[in-house]
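Data block below; observations after.
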Amino acid sequence: MMKMIKLPDGTEIPAIGQGTWNMGDDESRRHDEIQALRTGIDQGLFVIDTAEMYGKGRSECLVREAIINRRDEVFLVSKVLPSNAAYEDVLEACNRSLERLGTDYLDMYLLHWRGAVPLAETVAAFEQLKEVGKIKRWGVSNFDTDDMEELWNVENGKNCATNQVLYNLTARGIEYDLIPWHQEKRVPIMAYCPLAQGDRQEILQNGAVRDLAKKYEVSVSQIALAWTVQTGQVLSIPKAGQAAHVIENAEAGNLILSKEDLAKLNKEFPPPTSKVPLEVV
Ligand SMILES: NC(=O)c1ccc[n+]([C@@H]2O[C@H](COP(=O)([O-])OP(=O)(O)OC[C@H]3O[C@@H](n4cnc5c(N)ncnc54)[C@H](OP(=O)(O)O)[C@@H]3O)[C@@H](O)[C@H]2O)c1
């Protein structure tokens, strides 16, 4: 059974979704990428994360093709750039994203990272979009604990439904204070780059990870991905442009690592013992 994550409004979504960064950039991969996203939906990975930034809208256009006639099956997340975070700009950016995605609503709309616009102004725009039904809920991305505290003190800031941040075996800094903060507020974290972009030799060549992959009869990537969602508080959005990878990632959502095995991973990839400034990609 795929682990589920509860959003603050009670909506439950699977702990593994699908990222789309770089999708749509290479015409020769387009067919496979669309097939991969569709396979993911079939496998229950129905949270799809995209952004206006990705390929300057190309990823959103590709997602449109992948979800055609399947909009209702998908939990669609997109992001507004900080350069579009002023009130009217958010409303216009959202319209453009909806157009590219071929839908009239987003399930979640995130501020991609903090810029110069006061948080209160962006939040007011998000609330307006919610009011008119163009988004169901909103959240933020790349916010450290002090940013979240600030957001909590802004009018309607507590309506934030998630914070999308970097999290994988080689980037565990958020365990020190950001994850506990989110647990206390019951706002789930969305982990980006959960596979450390797929090419981190530190993970791929690690003896303990390789031993666990053998023991559970899965791939090294599946161990790394399963690890990100063990707490039940984190939703992970690996990007996979190949259907075979998507199927593996869906299986990782069912994998439960034993306490002893989690301890082995802690030894290889130690959790933080003091504050680590939020890492970003
Ligand atoms: N909010 C932000 O600032 C932010 C920043 C970065 C990323 N993100 C979001 O998070 C998503 C994930 O991050 P990411 O794409 O940078 O990195 P990632 O998901 O950690 O890694 C993607 C890489 O892993 C490979 N892969 C996927 N599944 C695999 C498997 N089962 N076995 C082996 N390799 C596998 C993919 O290959 P194939 O494509 O060939 O399958 C791809 O090369 C993004 O796509 C984006 O939606 C958000």
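Residue numbers in this text run from 1 along the chain shown.
Positions of Cβ are set from backbone N, Cα and C atoms, glycine also.
Unlike curated entries, TrEMBL annotations are predicted automatically.
Around the Cβ of TYR54 (active site, proton donor), the number of neighbouring Cβ atoms within 10 Å comes to 25. Sequence annotations record features per position, and here TrEMBL assigns active site, proton donor to TYR54.
For HIS112, the entry in TrEMBL reads substrate binding site. Counting only residues at least six positions away in the same chain, the Cβ atoms of ALA51, MET53, LYS79, VAL80, LEU81, PRO82, SER141, ASN142 sit under 8 Å from the Cβ of HIS112 (substrate binding site).
Here TrEMBL flags 16-266 as domain 'NADP-dependent oxidoreductase'.
Summarising the annotation, TrEMBL assigns site 'Lowers pKa of active site Tyr' to LYS79. DSSP assigns LYS79 (site 'Lowers pKa of active site Tyr') to a strand segment in the three-state reduction.
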